[in-house]
Amino acid sequence: MTRPFVFEKPLGMRDTLPLLYETKKKIRRKMEAVVQSWGYQFIATPTLEYYDTVGSASATLDQQLFKLMDQQGKTLVLRPDMTSPIARVAGSSLKQEPYPLRLAYDANVFRAQQHEGGRPAEFEQVGIELIGDGTTSADGEVIALMIEMLKKAGVGQFQVAIGHIGFIHSVFVSILGNEERANKLRRFLYEKNYVGYRQHVKELSLSSIDKHRLLELLKLRGGKESIERAYELLPGTEGERFINELSNLYAILESYGAADTLKIDLTLVSHMNYYTGIVFESYAENLGVPISNGGRYDELLAKFDRPAQATGFGIRLDRLVEAIDQREEPSAAITGIIFSPERRQEAIELAREKREEGKMVVLQDLNGVQDVDAMSEQFADVIYCIGKNGRGGKS
Amino acid sequence: MKEWLTVAMPKGRIFHEAVDLLRKAGYDLPPEFDDSRKLILNIENERLRFILAKPMDVPTYVEHGVADVGIAGKDVMLEEERDVYEVLDLKISGCYLAVAGLPEQTIQDVAPKVATKYPNVASKYFREQGEQVEIIKLNGSIELAPLIGLADRIVDIVSTGRTLKENGLVELEHIIGITSRFIVNPASYRLKDKVIDDMVERLSEVVEGESNDENNSAE
């Protein structure tokens, strides 16, 4: 093994330089303000968790987990998402707090990347979880909150695709008869392979009506009217329940004034077996990947001994920054005070004065600078306290 | 005003068939389209921008969203495993992936060597067969490998079988049939759904029409 170069970082790890740091901070603050105004409370959890608890409960694929061992030989993971740690907190430290819980986070999560090493393996997510509320109002609330956050963050054009895992599952089980066959078909949707889906359906020994129903599922994309069409695939009370849920959700989001960004997409399967109901993803113009995703996960909390229905989402800050594509100016106007040692006292006092006025001030000993002109150029404003006679010149 | 749509096209063999298909679907592509050496071609009246990429790279352009849609062989899709929608089987450029080798070649017992342009597909295939092999990645002229003793077998696409025959190789196993697919970037699939759905609709009419013709003539 060759040693890494001194400037190298582990695969997928990135530095954040001042310009990007400021941009991220600004966007983060805007979103945090929205989250807080909706009454969600921020929490923080450890970076390391046990593989057997949070690691195995999380939605992240096993091969994407960063694993390491503690001194007792237990396997640890760098948290791959924030949902399972929050579920752990809800089931332990916040056990006494009544449901529903409204919690928020802003944290770095870690996922080892399969392809191409340059993709970020550590990235910041801002998100929320609404735990212990199974109503469609709760689904509506989190989607509306996400839309509000994206708008306030400054994303111009974006779309939110809404699907329903429970609906797909019921259609498949009602036609195919068992879970195993349903999962096989669902995998094609998860892999976004419509061609494989169609071929698989054609090869199944089913009535042509049932085959037709399965093929029609691929067309359930578009506006509000797709919800109506969905009913034809799953007639009966079960279908009615899902259709009502989706139409209610649509109506709720209309009440929030957020319906203009919605797209129904009942082929959306964002995970093989994590989500249980309504799922959603958002996409911004000029970015090929989702900037946020979420959905209902009614089975996770039971793994932490406090069963509850829950929903939530995470927004990827790195992708959001790319989607917004606006960089902050490096922190606006910094004043530089360059002094020679004999006037240090005066310079320190001047700096204090200005800092109290709310100005950003750099205090620099002249002897520590190699190129005064280059140094001065970094500042919006430079004050020289140099030499013996009074206050120095300003430039 | 219709939105611009960027289409990633594979250069070479598949290109002409794909252009043909688009024309049949009613897209007005100028004649000079066929032998231009430009890498980016804008068709103003259709509001389509074509980018001409190496076939293996088409899914990469689409995954990253610099192309909204693309035309890629299933062989490339299997090899690259990109996060894109595989929406339609265009049923053009039909061929298949196969294992081939010299006739009467005795296979090494321990870890036979397999040369291929498709290391992921090949290693997955042999793993599923329970065979232990060593994969050697080559970028072209795969048939050379068994001839000069670099590998015992090869995994490559076969369309007519002529190249194999001329080099004295025989097909040993059929892995999977390959055709070209219409692929779509997940974000574009939502943001430009109308234009893309229209294109899929028009292409699928042509594809289904042609396969029906074939069925009829076979009867």
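Glycine is no exception: its Cβ is also placed from the backbone N, Cα and C atoms.
From the candidate list A:Arg111, A:Arg306, the residue TrEMBL records in the L-histidine site shared with A:Asp81, A:Met82, A:Thr83, A:Gln125, A:Glu129, A:Tyr274, A:Tyr275 is A:Arg111.
For the domain 'Aminoacyl-transfer RNA synthetases class-II family profile' (A:27-341), the model gives a mean pLDDT of 92. For A:Glu129 (L-histidine binding site), the same-chain residues lying six or more positions away in sequence with a CB closer than 8 A to its CB are A:Met82, A:Thr83, A:Ile86, A:Ala87, A:Ala90, A:Leu101, A:Arg102, A:Leu103, A:Ala104, A:Tyr105, A:Ala310, A:Thr311, A:Gly312. By the criterion of other Cβ atoms within 10 Å of the residue's own Cβ, the least surrounded of the binding-site residues A:Thr83, A:Gln125 is A:Gln125. Reduced to three states, the DSSP call for A:Thr83 (L-histidine binding site) is helix.
Non-local contacts of A:Arg111 (L-histidine binding site) by the CB criterion (under 8 A, 6+ apart in sequence, same chain) comprise A:Thr60, A:Gln64, A:Leu65, A:Phe66, A:Pro80, A:Ala121, A:Phe123. Looking at A:Tyr274, A:Tyr275, the binding-site residues in this record, the fewest other C-beta atoms within 10 angstroms of the C-beta turn up around A:Tyr274. In this view, A:Met82 (L-histidine binding site) is surrounded by 27 other Cβ atoms within 10 Å of its Cβ, with every protein chain counted. Long-range C-beta contacts of A:Asp81 (L-histidine binding site), restricted to its own chain and to partners at least six residues apart, with a cutoff below 8 Å, comprise A:Ser58, A:Ala59, A:Thr60, A:Val109, A:Gln125, A:Gly314. Look at A:Glu129 (L-histidine binding site): DSSP puts it in a strand.
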